[in-house]
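Asks: Heads up, here are the entries from Swiss-Prot:
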type	residues	note
BINDING	His147, His149, His234, Asp258	Zn(2+) 1 binding site
BINDING	Asp151, His152, Asp258, His351	Zn(2+) 2 binding site
Amino acid sequence: MLTSPLRQDHLVPETLMADASPIIRPETPPDLHIPDSQATVKVSIIDTTSYMSNFPMWAFLDPLMPGHEEMKGCDFSFIIEHPKSGNKYDTLLFDLGVRKDWENLPTPFVQGIKAGGCKIEVQKDVATILKDNGRDLSEVGGIIWSHWHFDHVGDAQTFPGTTDVIVGPGFKKAHVPAWPTDPESHIDEKAWQGRTLREIDFAAEEGKGLKIGQFDALDFYGDGSFYVLNTPGHTIGHLSALARTTVDPPTFIFMGGDIAHQGGEFRPTPYMPLPAEISPNPFNRILPRPALTCPGEIFVEIHRNKSRTEPFFDPTTAEGAWHHCAHEAKRSIDKLTEFDAYENIFPVIAHDNSLYGVIDVYPKPANDWFAKSWKDKTRWGWLNEFDPSFAGLAKASEP
């Protein structure tokens, strides 16, 4: 594989920072064994206009951090276009965000959301966003659901019956039939009525046995331009995807869905240690007088293990959490870190608020993300979700 490991050349083990904290050289990540290819897909990141707030963070992450008790924010999905696949899937969607009329979701879900005081706002559904930009919805051959949760399945009924719904392994056994046939289900079975519900079986599909990194993979178009990845844990059959965005240099976008809910679940790592100086300053949007850079040491001080090489969070194992299996989710996240270690692979998880103001969204393409340094500009942006008044974080502001 032509991808090269992320190098942080300012991290040299023989030197010390001014506060005498050791500086750590990144470890070399394992080869991901991505086959060479001259084929790419066009990718755009869709701002689904969904905004969720007042969801309890304890139901997603552990440990809780000061100022980080609420899960809130955006919801990204993707449109993938293959120039000449020769099949109905020339245009794909990966996730749909939240349906605009979310109160028409299954009754048990809506009742639970309202009882919990959670808030959901949606300006437009993805179908409307596409039509507003001149797209013919009949061109969309399939919708890949990363998983079945409300903020990813959208409303498939806004697409014609020729658009398939594509799900991960185990979905049908776990979730079919759904609401209203199963009155306790949180999934509306009308999503796949009158259309094909395709469940990917990584063991049986053509090219079985393929692995990209440690993930079971499906070469979706058969030309190395787009891989669907098996990333279970958050739910049964959770899917991610890897899209080749350029050939020279080879670059990729990792479409994460909810493989993680916050950057601190997969950063820092031995492959990507917390740097001595973080640039740009993650607090530059919320502090009145932010310094240009931010000392990494202030975040080490609030890390659960005072570590520069371990993620800040794990998927929570608390009763009532939103994960099907937190331990399996953690294993998928650990596999993700090997992808994130490469400078030319850009993981985009659905709820990464730090991407706003940096990335281009649909209808603009995302294929030039590497040339525009989106990963460099957003790698540590999630740190701004911590309360800057907590402990030593005030050092992020100018004196």
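Placement of Cβ uses the backbone N, Cα and C atoms for every residue, glycine included.
Map the listed features onto the structure and describe their local environment.
Replies: Listed in sequence order, His147, Gly257, Asp258, Ile259, Pro315, Trp322, His323, His324, Ala329, Ser332 are the same-chain residues six or more apart from His234 (Zn(2+) 1 binding site) with CB atoms under 8 A from its CB. His234 (Zn(2+) 1 binding site) falls within neither a helix nor a strand when secondary structure is assigned with DSSP, and so counts as coil.
Cβ-based neighbour count (10 Å, all protein chains) for His152 (Zn(2+) 2 binding site) stands at 25. DSSP assigns His152 (Zn(2+) 2 binding site) to a helix.
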Asks: Other than His147, His149, His234, Asp258, which residues of the chain come within 8 Å of the Zn(2+) 1 site, judged by Cβ distance to the Cβ centroid of those residues?
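Replies: Along the chain, the qualifying residues are Ser146, Trp148, His152, Thr235, His238, Gly257, Trp322.
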Asks: Take the Cβ of His147 (Zn(2+) 1 binding site) and count every other Cβ within 10 Å, whichever protein chain it belongs to.
Replies: 26
Asks: C-alpha of His149 (Zn(2+) 1 binding site) to C-alpha of His351 (Zn(2+) 2 binding site): distance in Å?
Replies: 13
Asks: So around the Zn(2+) 2 site, Asp151, His152, Asp258, His351 aside, which residues have their CB within 8 A of the centroid of those CB atoms?
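Replies: Once Asp151, His152, Asp258, His351 are set aside, the remaining close residues are Asp75, Asp95, Ser146, His147, His149, Gly257, His261, Ala350.
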Asks: For Asp151 (Zn(2+) 2 binding site), write down the residues of its own chain that are at least 6 apart in sequence and whose Cβ falls under 8 Å from its Cβ; none is a fine answer.
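Replies: Long-range Cβ contacts: Ser50, Met52, Asp75, Gly97, Val98, Ala350.
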Asks: How many neighbouring Cβ atoms, not counting its own, are there within 10 Å of the Cβ of His149 (Zn(2+) 1 binding site)?
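Replies: Total other Cβ atoms inside 10 Å, all chains included: 20.
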Asks: What is the number of other Cβ atoms found within 10 Å of the Cβ of His351 (Zn(2+) 2 binding site)?
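Replies: There are 22 such Cβ atoms around His351 (Zn(2+) 2 binding site).
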